[in-house]
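Copied over from Swiss-Prot, here are the features:
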type: COMPBIAS; residues: 303-312; note: compositional bias 'Acidic residues'
type: CROSSLNK; residues: 298; note: SUMO2 cross-link
type: MOD_RES; residues: 24; note: phosphotyrosine
type: MOD_RES; residues: 59; note: phosphothreonine
type: MOD_RES; residues: 305; note: phosphoserine
type: MOD_RES; residues: 308; note: phosphoserine
type: REGION; residues: 298-318; note: region 'Disordered'
């Protein structure tokens, strides 16, 4: 009977993962190291209605996917990434939104001796509140301290652990004494599968503004190269026309050859003061009609005011 139950469970698991792969066009491959059952339950509850979390043995997941390759060959891209303690998060929602929800469900964790540090750990300068008898402990870790009012004070920030280092017993003890929980554990996105394409989760950080700026940077680079080698393209032609016009204008200024636009430049170079004097005159000419138009309006307003006073029976000498 137990064998039948096990076989039935396996069959149901295969059907479930195949159904999820068919129903959901997008999923994350997530690492679940150091994630406990209680935290996993909280993650499932927070994603309810938006995503489905599926964990299982790697061999079973690979077997289920291989058996479904005839119907969906794109799933073969998932196989190389199913290694270690991993699972799937299936969704139809925006991937960035689900990623943010997974990050929000990380929980702080204390450092344990022998664990691999997922991030860098720095102990800030502070008064530890520990007694002088612990001084030798800090000295063994190479941390500069002094005694201040009967307690140990760390004088400067200290990088205690680097990313990927194994946490030593002394480092773990120190962090626990200082009540520092340097790590946070949760489901870590390792790969993104989206409608048959698989890519790094860093792609989710690319915004429309990033794409726009990268595109403009590429256009500028293309225009620069084309200008240097004299090869006309859509990006470089406007600059080529402007540069050509500047050269023709410079040639016209230095020679007797002229054309309408060059005549204005020549006139300016011949007598710049004329253009300086013309600017205030032009401004005054523009302002005069406006003032003239405003004056009749004020007179009309005054006449209307006087007429209204007479109509109301409040003349000046009544």
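Placement of Cβ uses the backbone N, Cα and C atoms for every residue, glycine included.
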Among all the protein chains here, how many other CB atoms are within 10 A of the CB of residue 59 (phosphothreonine)?
9
Students should find that the Cβ of residue 24 (phosphotyrosine) has, within 10 Å, a number of other Cβ atoms equal to 17
Pairwise CA distance, residue 59 (phosphothreonine) versus residue 24 (phosphotyrosine), rounded so that it is a whole Å
21
